[in-house]
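Report on the structure given below.
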Amino acid sequence: MGKVYDWFEERLEIQAIADDITSKYVPPHVNIFYCLGGITLTCFLVQVATGFAMTFYYRPTVTEAFASVQYIMVEVNFGWLIRSIHRWSASMMVLMMILHVFRVYLTGGFKKPRELTWVTGVILAVLTVSFGVTGYSLPWDQIGYWAVKIVTGVPEAIPVIGSPLVELLRGSFSVGQSTLTRFYSLHTFILPFLTAVFMLMHFLMIRKQGISGPL
């Protein structure tokens, strides 16, 4: 094992990376409220794991979506638990994100030189809400259907570009299979990818600049 470690150490400098991670200075004013961002990340990882598990059984079609969700809840071993954890973690992620934003704002964590960290955080907040909007529709029950119809109909009030924007969101003039497919793609591929990218940027900037000082 020693030779294997030495081989990787020579090429990757693992010890230097470990020393950097474990030797970061933590200001004395830091308290439990500074953990809200980390809790949000943990919730996101839980979402990825449970969501990935459900993709093995979920069918993104208007005729089979609801039945596949019922199958997960009733027939799949611990399917009810996986979906319940996914829902609970989603609510927790939104709550922790909101509290994290308030903490950063109230402690002045958005000020120079951390403006870009704040910008990436705001983008992550928008992505988090987008997860909720797209995920809510996937069971394709009455609540999900009408929620999608209302949400996608909101941009219609925008002059000139309103109607084309609605058609872009729905995939057609009315809510249907194209809408569900788009929301499923957003929820399971595009939004997780964007969230991972901006989270990486967010944490790298925090590592570089450190935690903001007290007011």
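Positions of Cβ are set from backbone N, Cα and C atoms, glycine also.
Features of the protein shown, as given by Swiss-Prot:
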BINDING   Cys35  heme c binding site
BINDING   His86, His187  heme b 2 binding site
BINDING   His100, His202  heme b 1 binding site
TRANSMEM  32-52  transmembrane segment
TRANSMEM  90-110  transmembrane segment
TRANSMEM  116-136  transmembrane segment
TRANSMEM  186-206  transmembrane segment
Integer Å distance between the CA atoms belonging to His86 (heme b 2 binding site) and His202 (heme b 1 binding site): 24
Other C-beta atoms that fall within 10 angstroms of the C-beta of His187 (heme b 2 binding site): 21
Maximum Cβ pairs under 8 Å to the transmembrane segment (116-136) - stretch from the list 32-52, 90-110, 186-206: 186-206
Using Cα positions only, nearest of the binding-site residues to Cys35 (heme c binding site) (His86, His100, His187): His100
His100 (heme b 1 binding site) and His86 (heme b 2 binding site), Cα-Cα, nearest whole angstrom: 20
Chain-internal residues, separated by at least six, CB under 8 A from His100 (heme b 1 binding site): Leu36, Gly37, Thr40, Gly121
Neighbour tally for His86 (heme b 2 binding site), based on other Cβ positions within 10 Å of its Cβ: 19
